[in-house]
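Following: one structure in structure tokens, then a few remarks.
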């Protein structure tokens with residue numbers, strides 16, 4: 001191979017053989033060599049390609065530079081068949097000659113003197129709104145060389161279709177028409193000068209091929225060496241030196257007053273030319289249209305003209321966000337059904353790709369402009385980073401959907417090393433973690449530290465497959481890392497450039513008995529802080545662990561993540577708001593309300609009704625402090641949640657507490673001395689005693705579950721001592 005140019009950046013490019021240019025034959029072709037072309041940029045390179053042992057030239061009718069990942073043809077040649085020396089009726093984009101006109105513009109050409117034509121290719125790294133012009137100066141002029149020059153102007157329409165036009169220059173201005181006789185002057189198409197219905201007879205330039213890719217335009221055209229149009233075309237002499245002129249600038253599109261694209265003033269005369277070296281690369285690939293899905297604006301799925309087939313169509317990239325609904329309005333016709341798939345080609349790929357995953361869409365996702373079908377899809381944590389929108393019945397009609405986490409608020413960067421994500425559902429949680437730096441494995445754990453924590457370790461095996469295991473860790477030696485068997489679903493682990501991402505879904509509460517296995521005690525309570533730790537190292541295995549598998553990077557301290565609120569903060573121990581909540585509820589239920597009960601029970605012998613007032617003041621003070629304590633808890637959690645046992649018991653105790661004042665307000669009169677109590681009075685007394693004792697029982701349980709919660713979630717060392725103090729207080 002000689003004179004080979006190719007930009008770097010493609011993922012998996014090979015030399016590819018096929019039987020024909022038919023789409024099915026081309027896509028079902030085969031690599032002819034083990035050589036990969038994605039290592040570097042090739043600039044006018046020469047090298048040898050060794051065919052695979054089972055490949056012979058008689059199997060190869062089409063030779064392509066092919067990207068396997070996107071099934072894209074980067075360029076091809078059709079080889080002679082049956083001993084023929086040439087291939088007829090084929091478009092060749094390979095040129096014998098090339099000259100640089102500037103850093104971003106070059107001209108290529110092939111010459112055929114016998115058949116009286118020259119084939120020219122204009123190649124420029126320029127925006128789509130730019131034109132490329134190339135032509136010959138009049139050999140009889142020694143100055144103002146653009147006047148009387150024969151130029152071809154090439155560009156793309158707004159729909160992306162290439163075109164070429166024959167121009168003749170009568171003045172160094174944009175094309176204008178005289179208001180008197182409608183004659184043209186300036187840089188005008190040949191047909192404008194003639195101003196006749198058969199004006200195409202003077203346009204002797206023929207479009208051969210054109211494409212635009214990665215910000216670079218290539219348009220190929222053919223024109224005669226000696227044209228029949230002697231008025232506006234100059235003869236090209238193959239064996240003589242001829243002065244060329246060229247330009248690159250903005251193209252003015254047609255309007256209601258003119259039907260032709262016209263080049264605007266480009267600002268300079270002819271340039272010096274140099275030999276080409278390497279492929280053109282555009283700094284601004286603006287033609288790679290980027291669409292970001294918006295919740296307010298639907299994505300309209302329709303059909304259009306095939307400009308790049310079998311290569312991917314425009315737009316080159318569509319971005320969608322996890323957790324954000326994406327609305328598609330499908331109006332491509334009743335024979336084109338939209339679906340989202342993991343296969344890059346689509347077209348009901350399950351028949352040829354057993355691993356295809358189908359997301360939304362299907363046979364029913366079809367419609368027309370008058371009656372479009374609305375398809376709504378919400379990518380979630382289990383959606384891969386890249387999927388494809390395709391037609392269910394035809395291949396290669398759509399392209400990539402890039403899925404990212406940009407809009408999700410429930411994420412926290414734990415220490416510039418690991419980013420932690422989560423999504424809550426009714427009875428499960430989806431967790432993902434992504435390293436920031438390269439590593440051999442990534443581990444996240446839940447606990448106060450490494451010891452007595454539940455860990456999830458993701459790594460890439462020797463075969464390139466991702467793995468994820470769960471462990472219970474009760475020590476700092478490899479023997480203290482015990483493999484567990486948690487009920488994980490939607491498990492993924494992958495590595496991109498050495499950066500590991502792991503993801504899984506698990507139930508909030510394991511279904512097994514807590515006394516059976518360690519993993520059965522790994523309960524996630526969304527209303528209480530979850531302590532997250534992380535570690536990274538060079539190598540992991542699911543076999544025998546050793547010191548080689550120990551981490552090299554760890555958390556400095558645990559991070560507290562409040563799952564239900566979607567926030568995180570570095571651990572600071574027991575939060576002041578929670579301490580105030582606990583103190584207030586202890587003061588109310590442990591001192592004030594019991595004090596009111598004791599006053600009502602043991603101070604009846606005191607003269608007057610002072611004992612009644614003392615009891616009431618103590619009770620109402622306790623109720624007021626209970627309300628303040630609850631408000632502190634709600635403010636800390638930014639919501640009112642009752643999923644934990646402590647919260648349920650606390651609410652029940654509050655209900656009992658507020659029933660008693662209402663019960664006192666409805667109290668029947670006390671019978672006079674020696675009189676029997678009325679039925680209403682007896683019912684009230686029983687109800688009053690039952691509610692009071694029930695409130696005592698519930699509030700004791702709430703206090704102890706609060707202490708238990710304090711010990712489990714915040715590792716308060718003297719929580720058992722405090723519990724014994726409560727027991728003594730209650731027994732007294």
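Glycine is treated like the rest: Cβ placed from N, Cα and C.
Residues 647-666 are the range that TrEMBL records as transmembrane segment, among 647-666, 707-726.
Residue counts of the domain 'DOMON' (103-249) by helix, strand and coil are 9 helix, 69 strand, 69 coil (DSSP-based). Sequence-distant neighbours of the transmembrane segment (615-635) (same chain, 6+ residues past either end, Cβ-Cβ under 8 Å): 577-578, 580-581, 584-585, 587-589, 592-593, 595-597, 599-600, 603, 650, 654, 657-658, 660-661. Within its own chain, the transmembrane segment (686-705) is flanked in space by residues 585-586, 589-590, 593, 597, 645-646, 649-650, 652-653, 656-657, 659-660, 663, 667, 723, 726, 730, which lie at least six positions past its ends and keep a Cβ under 8 Å from the stretch.
Mapped onto DSSP helix, strand and coil, the domain 'DM13' (1-80) counts 8 helix, 34 strand, 38 coil.
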